[in-house]
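K.L.:
Sharing the record's features from TrEMBL:
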DOMAIN    31-288  domain 'G-protein coupled receptors family 1 profile'
REGION    313-334  region 'Disordered'
TRANSMEM  15-38  transmembrane segment
TRANSMEM  50-74  transmembrane segment
TRANSMEM  86-108  transmembrane segment
TRANSMEM  129-151  transmembrane segment
TRANSMEM  186-205  transmembrane segment
TRANSMEM  236-259  transmembrane segment
TRANSMEM  271-290  transmembrane segment
Amino acid sequence: MFSSPGIQPREHVDMIYISMETAIALVSVLGNVLVVMVVCVNRALRDTTFCFIVSLAVADIAVGALVIPLAIVISLGLKTQFYTCLFLACLLLIITQGSILSLMAIAIDRYLRVKIPIKYSIIVTQNRAWVAVFLCWLLSALTGLVPMLGWHNEHTHGNLSTTSDDIIVCTFTTVMRMDYMVYFNFFGWVVVPLTIMIALYAEIFRVIRKQLNMRAEATCDTSKYLHKELKLAKSLALVVLLFALCWLPLHVMNCIVFFCPECGMPKSAMYVGIFMSHVNSALNPLVYAFRIQRFRATLVQIARRCMLCKHKETSPCPNQPSPPPLAKKTPVHP
């Protein structure tokens with residue numbers, strides 16, 4: 001997504017790339033729409049952590065519905081005005097930054113939950129969580145739109161006569177400066193948040209392990225609660241790990257292009273990096289489904305409702321029996 005290969009005649013590798021991207025887009029949208037549905041259906045999942053998970057799911061839906069189609073169109077050689085192309089590139093950055101900040105908000109939320117368990121419910125309320133989600137996306141928009149303020153490639157790409165009214169072949173590197181991508185976007189808004197998240201999860205695991213050791217003879221309920229917290233923290237840390245594994249290759253390739261222009265970067269390698277960054281959006285629902293028991297149970301309920309609707313067309317869906325609603329929120333059980 002961030003480093004678009006040069007426009008060449010459509011080769012076999014291009015068609016494979018487009019086919020795989022289309023499949024990932026469908027999986028990303030469907031999977032993350034299910035994530036939002038699960039949180040809406042199950043009241044027990046409507047806690048502060050899942051506010052941020054919904055924010056992350058919305059970013060992943062945007063990747064499938066907007067980012068991947070844009071990446072495919074750009075790979076085919078879209079011709080447009082400079083600032084139109086630049087805005088599209090900034091839109092991709094905003095969505096990606098929203099994912100990163102949502103992940104960091106989740107890490108901070110879990111850290112507060114284990115660090116100050118008694119005051120947690122007083123400090124971290126539902127309204128404050130949604131305010132934090134809004135701030136995450138506001139900050140994402142501000143950082144992603146920085147190139148629109150002048151940190152871009154106009155007058156520096158190709159020749160000095162290039163203007164904003166000229167029609168250009170829209171690629172990411174045509175409009176976006178690599179010093180912005182490497183120093184500001186990667187080092188400032190990817191490496192720093194990832195480092196903070198690693199430190200937070202390391203501290204979360206340390207605190208929970210310490211509490212488990214100190215309370216070896218504590219009540220069964222306390223021990224069970226701590227083990228559930230530990231399992232949920234591991235699941236969310238896995239989401240962060242997958243994000244890093246999927247996104248770092250593309251950023252590393254950007255660094256190579258920037259620091260070693262003569263090294264060159266194969267088109268196929270760039271496609272792999274772009275594809276891996278998009279695959280990440282399809283992985284998160286799988287992590288939730290396989291690692292969080294309450295999420296999985298609600299997903300099964302939704303699937304059963306859909307099957308009942310299909311097999312009993314004579315009876316409207318709303319009249320089908322549904323699981324009784326929970327009277328109140330309960331702790332998230334992984």
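Counting starts with 1 at the first residue shown.
Note that Cβ sites are derived from N, Cα and C of the backbone, with glycine treated the same way.
Provide an account of the burial state, proximal residues and distances for the features listed.
P.N.:
Averaged over the domain 'G-protein coupled receptors family 1 profile' (31-288), the predicted model reaches a pLDDT of 89.
Beyond the transmembrane segment (50-74), the same-chain residues lying 6 or more positions past its ends with a Cβ under 8 Å from any Cβ of the stretch are 1, 4, 18, 21-22, 24-29, 31-33, 35-36, 39, 88, 91-92, 95-96, 98-99, 102-103, 105-106, 109, 126, 129-130, 132-133, 136-137, 170-172, 239, 274, 278, 280-282, 284-285, 288, 332.
Counting same-chain residues at least six beyond the ends of the transmembrane segment (86-108), those with a Cβ under 8 angstroms from any Cβ of the stretch are 1-2, 49, 52-53, 55-56, 58-60, 62-63, 66-67, 70-71, 74, 132-133, 136-137, 139-141, 143-145, 147-148, 152, 154, 170, 172, 175-176, 185, 189-190, 193-194, 196-197, 200-201, 204, 236, 239-240, 243, 247, 277, 281.
Below 8 angstroms of C-beta separation, residues 97, 100-101, 103-104, 107-108, 110-111, 114-115, 143, 230, 233, 236-237, 240, 243-244, 247, 251, 254-255 of the same chain, each at least six residues beyond the ends of the transmembrane segment (186-205), sit close to that stretch.
For the transmembrane segment (236-259), same-chain residues at least 6 beyond its ends with a Cβ under 8 Å from one of its own Cβ atoms are 1-3, 49, 56, 96, 99-100, 103, 106-107, 110, 173, 178-179, 181-182, 186, 190, 194, 197-198, 201, 265, 269-270, 272-274, 276-277, 279-280, 283-284, 287, 291.
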K.L.:
Could you give the residue numbers and ranges of same-chain residues that sit at least 6 residues beyond the transmembrane segment (129-151) on either side and whose C-beta is under 8 angstroms from one of its C-beta atoms?
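P.N.:
Contacts with the transmembrane segment (129-151): 48, 51-52, 54-55, 83, 86-87, 89-91, 93-98, 101-102, 105, 109, 175-177, 180, 184-185, 189.
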